[in-house]
């Protein structure tokens with residue numbers, strides 16, 4: 001036989017094989033499309049008038065399951081034959097997951113699938129291959145069986161952990177509201193504390209207050225509502241939508257069943273829940289962008305050394321209150337059109353990047369602001385010829401003071417560890433930082449501020465004097481009554497006051513309603529002050 005005839009013959013032999021593979025794949029795809037899914041049968045009480053009337057979870061779960069089933073059959077045909085020794089169980093699709101060839105007497109493990117809201121993907125599924133090279137059969141049904149029982153086993157430990165996180169959120173946001181309201185009253189009553197920096201603080205404090213109120217309403221009204229929670233595809237989601245973790249574990253969704261349908265989108269509780277979620281997304285975005293405003297202002301004062309009162313706050317107002325409404329509206333419209341679950345709570349959609357993308361950009365920018373600010377602080381401290389250890393101690397203090405204000409913890413710890421112990425530590429750490437962040441910010445930037453403390457002590461002393469005079473016990477005023485602008489001069493040299501007051505020499509002093517000169521507050525005591533200030 002000539003070489004040419006040999007090549008033609010081999011080519012002709014390949015054609016039937018290629019046709020067989022093409023026909024086989026086409027038949028497989030056709031069967032997947034037309035055959036009913038074995039584990040997600042449509043509920044009998046639903047009509048076939050359209051997909052809109054099918055359960056929302058059924059649509060989401062069925063799509064994921066069909067994708068996994070197609071990939072499994074394709075994998076079964078693509079993988080080479082088993083190369084091990086001895087008996088083994090054949091690769092198979094068990095109806096939910098794909099299993100490779102497994103040696104006899106061994107147990108295969110995989111993470112639980114995410115088809116169902118009550119499945120914990122951190123848990124494991126197991127499938128046993130017996131000594132005869134056959135997959136384990138359940139004694140009751142005599143059918144091959146995979147152990148999915150751990151996927152939705154809500155143990156007492158998980159439930160207790162969920163309740164701890166739930167009450168941690170309630171306590172944290174309640175304390176934050178109380179501390180922030182008290183701080184706002186202090187800044188509003190004592191006019192000698194007024195300056196541009198405090199004005200920015202007030203707006204950021206307001207976003208914390210409103211956001212905490214919305215979250216408390218959500219925890220009290222939405223989380224206990226089983227109809228809303230169980231019919232939404234909920235998954236653990238940690239960062240800014242942190243409360244969903246508690247919601248998912250406290251009210252675990254039911255498996256797909258006949259009553260598991262999408263609620264009426266025009267129902268009052270569904271509409272109110274979506275409005276609440278819209279407000280939460282907006283206030284959360286405002287919170288982070290006011291953090292960005294604080295970072296821009298600090299960077300302008302310290303790095304660019306601009307101490308003038310001419311900074312126009314309207315640009316900060318536009319960035320803090322105006323810009324976040326744009327991604328929030330876009331997210332609401334696209335969510336209603338393309339992923340309209342009951343309360344827009346699901347994290348199983350990339351539409352969340354419309355909200356989280358700008359937030360992450362703001363956090364990253366603030367992170368670089370922090371690094372640059374610390375660099376400038378260290379440079380200034382070196383110029384003062386301080387001891388090296390003390391210099392870095394002050395730099396660390398300055399860094400830790402700025403972290404809760406600028407939200408840097410979300411950049412430093414962006415992902416939850418997969419390890420169970422580390423994951424639990426991460427949960428408690430991040431939930432404490434998130435829920436108590438308003439309390440921490442109010443404490444650091446108001447209650448621990450030296451000038452605020454001096455002002456409050458002076459007011460308390462004046463109150464005691466007036467009280468004594470009212471009851472006839474007149475006392476001579478003590479020398480503890482000092483003016484707020486001069487109080488900074490008595491700060492301890494090893495302290496780190498958050499604000500340093502200075503008066504712009506180019507501008508005349510402006511008297512407020514208490515007859516005192518207004519002051520501007522500059523962060524960090526590393527900025528040199530005029531001795532006569």
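Numbering starts at 1 and runs along the chain as displayed.
Every residue, even glycine, has its Cβ placed from backbone N, Cα and C.
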Would Swiss-Prot have residue 189 on the same side of the membrane as residue 420?
no
Swiss-Prot annotation N-linked glycosylation site: which of 147, 192 has it?
147
With CB pairs under 8 Å as the measure, which of the listed stretches 164-186, 199-219, 274-296, 351-374 comes out on top against the transmembrane segment (422-448)?
164-186
Measuring Cα to Cα, how many Å separate residue 72 (disulfide bond) from residue 142 (N-linked glycosylation site)?
24
When distances run from the Cα of residue 129 (disulfide bond) to each of the recorded positions 90, 98, 151, the nearest one:
90
Residue 273 (disulfide bond) - helix vs strand vs coil (DSSP):
helix
Can you tell me how many other Cβ atoms are located within 10 Å of the Cβ belonging to residue 273 (disulfide bond)?
23
Considering every residue in the topological domain 'Extracellular' (414-421), what is the mean pLDDT value?
73
